[in-house]
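Asks: Got a structure here, written out as structure tokens. Questions coming.
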């Protein structure tokens, strides 16, 4: 027990001794750091370019790390991003011998104490022209200064929405010196592309690369070259949100438009359905218009909306025309012969269109439908039978009148029998005239009714024809937009 307590005491003493030594070393380094800082900045000025020879070019190494995409405003064409900007250069007046300062090889000081290159974002689209964040810089003994500063940038980005919501965008971030030309300050790419290792995944955009390109441009105002580094941020939109909220509802609504032709004409809802669908698509069109910039390039989904709205407008107009055909009454002209052959004979069989009401026939109406389908021949046959029986009775009456007249002359027969016979025959004649009038009226009514039924069948065949035509159009438009997405 005593040995264990002694060993634990020795370990504690050793740790305490090590901590004291480290603290003494740190205090010694802190002492040398203060001494170094006072000696370096005693006659230093951060207003001039830190080179010993003014004709010498100062190289500035630039590295960009993309941390997060905060917003992509397509309407105003502005990209907001959170960046880490690293700049490094050599200051000829901030060097020291680290052996003289107990091996101190680097110190961290406020960035406003040293000269800094005035590298700015050329395509900045922010109203705030404030100075960069005043973070510390790392100063090494050989004069190398490394300045890491975070920045939230708003840059202009030319947005091409031709294939929205399946589009890709390329936004450029151009960095360069604002006052120094290429003969004074040269910018060098630290990497061939921006650093994406710390990028936070965005809910709307995918990053497909951030290549960096150095450009040397000579502007019209000056003869000196001005170098800059352009980072091309390649973005791919995640279209799932827009597919489920803008595209699929439009496809489902557009498939309702052809069903308007399937509605019965007597329901009174054919035109109302087309107008309702048109208004629904107008709402979606306005939602897309609020997102997109007012440019000449119409987005892909906007073209789909316009095509669908045009189709629905055409279907509504055709529905109105077909309803006029359906409600043609007895005053209408007969169906032309070509329409009988093409529409009633051939197209009705192709689209499985029966006579109006035939597919809804009930057992109680079978006899009436058979009479109508036979063209009224059975009914006319019954009328002929009635007329023949009445005509026979009329002939009998005429014969009886002649016989009664002869008997009256020859035998002078009188009495009530002769009057009754004459009255009976006159009643039969009046009955025959009334039946003939009723038969003619019924015949005319059936002819007019048959004419209206033919026009209703023509309207029904045209409804089925246009229904399938518009179904095919909607299907191919949906396949086309999905193919564009792929």
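Heads up, the Cβ atoms here are built off N, Cα and C, so glycines get one too.
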Asks: If I go by TrEMBL, the feature transmembrane segment sits on one of 271-292, 337-358, 359-380. Which?
Replies: 271-292
Asks: Give the range, chosen from 241-264, 385-408, 409-432, that TrEMBL lists as transmembrane segment.
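Replies: Among 241-264, 385-408, 409-432, the range TrEMBL annotates as transmembrane segment is 241-264.
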Asks: Summarise the model's confidence over the domain 'Neurotransmitter-gated ion-channel ligand-binding' (35-238) as a mean pLDDT value.
Replies: 89
